[in-house]
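What follows is one structure encoded as structure tokens, with my remarks underneath.
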């Protein structure tokens with residue numbers, strides 16, 4: 001039995017009655033032990049122990065509340081947190097810096113930024129932990145500009161300050177800003193000591209690198225870890241696996257996974273299984289799952305099965321998907337989450353089993369959410385099932401009235417069947433409601449710099465050269481037999497205008513830039529925010545053969561690995 005567990009075991013009414021003379025020191029230890037052993041079954045909450053302490057007329061000291069306040073960490077706990085704050089004021093402990101920082105963290109965790117700001121403003125001398133707490137509070141709340149303003153006002157900063165803001169940028173989806181801030185952290189600053197990133201900083205930066213496909217920057221972070229002999233534990237190892245896989249370097253991800261050796265746990269296995277699923281390597285997924293559950297005797301968790309079911313989706317393996325879904329429940333006692341149900345609906349839809357998908361949704365023990373209806377909409381769109389599309393869209397709009405993707409999907413179904421009046425009506429409805437279509441966007445990294453391209457982009461410094469290169473590429477493709485797949489243009493245009501519209505998709509601009517800027521034979525890695533269209537998919541296959549380039553494209557669904565004229569997805573995506 002651990003020391004903390006032993007303390008909790010004795011924290012009972014008999015113990016208290018027999019020891020009426022307990023000092024605050026021992027009460028504080030009991031409170032801290034309960035808070036730190038949240039996963040253990042307990043007969044007493046921290047607040048009940050505090051109240052019992054007060055019943056014995058023992059006064060709290062400046063250690064009591066920093067131990068007690070972390071037990072209030074979500075909006076439901078706010079009333080208790082406020083009453084505890086009143087106790088702090090009653091005993092005159094509100095000026096203590098440790099108590100003040102704990103109050104800031106409590107209000108932040110409970111989502112009460114106004115009270116957190118008030119505690120900060122009322123502080124006479126604001127120490128570094130208080131500054132860090134308030135910056136973290138705004139960053140976690142998504143108010144990243146306010147967090148940055150406070151960060152810039154700080155009289156001094158440490159690794160926690162930088163890490164809080166970098167993590168805030170990542171949480172807000174501002175990955176380039178996160179990497180820019182990390183680079184700023186490395187620069188020498190007048191009158192400020194050099195701040196070395198810690199494990200949390202590096203795992204956060206690796207996440208940003210993965211999102212942007214910034215492989216070179218991710219490799220630099222890995223080299224930094226090795227240079228300073230930072231131990232690659234499960235958290236950092238999993239972050240490296242995820243980064244390398246998302247950047248299109250699966251072999252490096254595998255090397256990190258294998259290097260973990262005996263440290264591999266369910267998190268590491270789940271990360272690797274999810275990575276293999278993104279690449280459509282279903283057989284390797286199944287093999288690794290078997291190794292995990294038999295050779296290493298590690299039980300899978302819900303994340304593991306999200307990866308396994310995702311692998312089934314990418315290959316359209318309906319029987320295997322149903323088998324693993326059943327195994328999850330019956331063999332491992334895991335209650336399916338909405339993500340698991342979403343995978344199954346997606347699997348049924350991609351397999352053309354729309355009626356089965358609808359029956360499966362009807363059998364769910366929870367209300368279907370945006371993920372479920374979106375999966376049904378996507379599957380029925382692939383089959384041109386307009387009636388099911390319309391029904392799914394109606395449910396989606398009820399749950400998320402501003403979901404542009406739903407409108408666009410239905411509009412695309414109408415466009416493919418030539419129902420231009422319905423397309424016009426949907427676009428008019430989007431305009432009236434102020435719903436904007438998410439533009440196609442692609443990222444590439446060249447010489448350590450991430451470049452962003454949007455459809456029809458002319459903002460690049462070398463736009464003229466990029467478009468000239470793209471024209472040259474398309475001419476070579478046409479000479480090799482390429483014919484534009486104009487059915488992918490879901491606009492009421494003539495054939496010539498459709499060809500022009502297709503030629504300026506963001507991934508085509510990105511590949512032209514890479515062919516212009518990199519040496520022959522250099523692999524090309526592109527991150528796309530939307531699903532790659534059929535015409536761009538065909539273009540990538542042909543470029544990989546004609547220009548002898550390995551091309552890796554990560555779209556919103558999966559990875560496409562183009563080599564010598566073929567794709568790893570086998571044209572199923």
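Keep in mind that glycine also has a Cβ here, set from the backbone N, Cα and C atoms.
Quick look at what Swiss-Prot lists:
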REGION    372-447  region 'Type E motif'
REGION    448-478  region 'Type E(+) motif'
REGION    479-573  region 'Type DYW motif'
REPEAT    23-60  repeat 'PPR 1'
REPEAT    61-95  repeat 'PPR 2'
REPEAT    96-126  repeat 'PPR 3'
REPEAT    127-161  repeat 'PPR 4'
REPEAT    162-188  repeat 'PPR 5'
REPEAT    198-232  repeat 'PPR 6'
REPEAT    233-263  repeat 'PPR 7'
REPEAT    265-295  repeat 'PPR 8'
REPEAT    301-336  repeat 'PPR 9'
REPEAT    337-367  repeat 'PPR 10'
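Using a Cβ-Cβ cut-off under 8 Å and counting only residues 6 or more beyond its ends in the same chain, the region 'Type E(+) motif' (448-478) has close neighbours at 176, 179, 212-214, 216-217, 220, 439-442, 503-513, 515-516, 539, 542-543, 546-547.
The repeat 'PPR 7' (233-263): residue composition by secondary structure is 26 helix, 0 strand, 5 coil, according to DSSP. Sequence-distant contacts of the repeat 'PPR 9' (301-336), counting only residues of its own chain at least 6 positions beyond either end whose CB sits under 8 Å from a CB of the stretch, comprise 266-267, 269-270, 273-274, 276-278, 280-282, 285-286, 289, 292, 343-344, 346-348, 350-351, 353, 557-558, 569, 572-573. Taking residue pairs at least 6 apart in sequence, the repeat 'PPR 6' (198-232) and the repeat 'PPR 5' (162-188) share three or more C-beta contacts under 8 angstroms. Beyond the repeat 'PPR 4' (127-161), the same-chain residues lying 6 or more positions past its ends with a Cβ under 8 Å from any Cβ of the stretch are 97-98, 100-101, 104-105, 107-108, 111, 113, 116-117, 120, 167-169, 171-172, 174, 192, 195-198, 201.
Mean predicted confidence for the region 'Type E(+) motif' (448-478): the pLDDT average there is 87.
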